[in-house]
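Asker: This structure is in structure tokens; I'll ask about it shortly.
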Amino acid sequence: MATPTPDFAPATSSPLAHPTPLHPPTNGTSAAPLPPSGAGTPSAALASAKAAAGSSSGTMGTFGVKSGLAQMLKGGVIMDVVNAEQARIAEEAGACAVMALERVPADIRAQGGVARMSDPQMIKEIQAAVTIPVMAKVRIGHFVEAQILQAIGIDYIDESEVLTPADEQHHINKHAFKVPFVCGCRNLGEALRRISEGAAMIRTKGEAGTGNVVEAVRHMRQVVSDIKRAAAMGEEELYAFAKELQAPFHLLKETARLKRLPCVNFAAGGIATPADAALMMQLGCDGVFVGSGIFHSGDPVKRARAIVQAVTHYNNPKILAEISMDLGEPMVGLTIDKDLKGGMYAGRGW
């Protein structure tokens, strides 16, 4: 296992040590950069990056390389899938990656019980079926599940509040892994704490399995609001704000300078329509995760393609209107209140 780099600064020996700069959003939006020259598809770029990283001992586990791998997904859609057939549908629709799960969040919420890491055999079948990157979820704090996923060659690991937490006091030390981690947040403090633990990609938590985008909007607006506050502060004020957020000062200072998170920030939790996806992009997200909203809808193939197009054309209402037509029935959404079945997943983690 590679020795983790404790410093936030990327290692200069890696070809991805200085990834495409993450510029602050303009007018509340965020444009996706072009892929690296010769990268082709995300899977080709990922393979190229891994090969290059593997040529230099101890490089693959650095934050610079892992955040660079995450940036290759910027401007894309990541779809939850439960089998190889769904994974192929997602890839053909234009997804930049798939999340391999035994149950999508809506089914986890409906069926209850303890939700754990998916069967590695099922994950390997999905890996064999597609050429795009494959992600998988582990329980919060369950570093052995993460070790297993790394051993089978998973491309990204999501330490997810959707699964039943394994540790109520500790998140995984993500610096100890070569594979990039994705983590959820509700505010800037949570985001920076996860980045300090080694997360290379952040997403809103939203409220998975509901088909209701309101919590994802709330979390994204809170992150943006916190960043705007930080950007207007002097260094003395930032020290006090870092204490308030319970976040590392150096990461808060970098965030204030960039006027955005120092890594890729996707939207997740309740995105069910092309309009939902475009809304999150206009709020400043770099891409979206879509879980139950596709394969719990009336026409998954049409809806998957429409959401991918919506992320690409999020600032063009005419195109959004066209792609939103005749998509079949959306998933049945849930009202988020005290009676929500399964409770609020977003409160898991700290």
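Note that Cβ sites are derived from N, Cα and C of the backbone, with glycine treated the same way.
From TrEMBL, for reference:
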- 1-43: region 'Disordered' (REGION)
- 13-43: compositional bias 'Low complexity' (COMPBIAS)
- 63-268: domain 'PdxS/SNZ N-terminal' (DOMAIN)
- Asp80, Gly209, Gly270, Gly291, Ser292: D-ribose 5-phosphate binding site (BINDING)
- Lys137: active site, schiff-base intermediate with D-ribose 5-phosphate (ACT_SITE)
- Arg221: D-glyceraldehyde 3-phosphate binding site (BINDING)
- 269-312: domain 'Thiazole synthase ThiG' (DOMAIN)
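Are these features on the surface or tucked inside, and what are their neighbours?
Answerer: Classification of Gly209 (D-ribose 5-phosphate binding site) by DSSP places it in coil, neither helical nor stranded.
The number of other Cβ atoms within 10 Å of the Cβ belonging to Lys137 (active site, schiff-base intermediate with D-ribose 5-phosphate), over all protein chains shown, comes to 25.
The Cβ of Arg221 (D-glyceraldehyde 3-phosphate binding site) lies under 8 Å from the Cβ of Leu283, each of which sits 6+ residues away along the same chain.
Over the domain 'Thiazole synthase ThiG' (269-312), the average per-residue pLDDT in this prediction is 93.
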Asker: May I ask for the distance between Gly209 (D-ribose 5-phosphate binding site) and Lys137 (active site, schiff-base intermediate with D-ribose 5-phosphate), taken between their Cα atoms and rounded to an integer number of Å?
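Answerer: With distance taken Cα to Cα, Lys137 (active site, schiff-base intermediate with D-ribose 5-phosphate) is 15 Å from Gly209 (D-ribose 5-phosphate binding site).
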Asker: Looking only at DSSP and grouping its letters into three states, which state does Gly270 (D-ribose 5-phosphate binding site) belong to?
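Answerer: In three-state terms, Gly270 (D-ribose 5-phosphate binding site) counts as coil.
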Asker: So if I draw a 10 Å sphere around the Cβ of Ser292 (D-ribose 5-phosphate binding site), how many other Cβ atoms end up inside it?
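Answerer: Other Cβ atoms within 10 Å of Ser292 (D-ribose 5-phosphate binding site): 26.
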Asker: Taking just the CA atoms, what is the gap between Gly291 (D-ribose 5-phosphate binding site) and Lys137 (active site, schiff-base intermediate with D-ribose 5-phosphate) in Å?
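Answerer: With distance taken Cα to Cα, Lys137 (active site, schiff-base intermediate with D-ribose 5-phosphate) is 12 Å from Gly291 (D-ribose 5-phosphate binding site).
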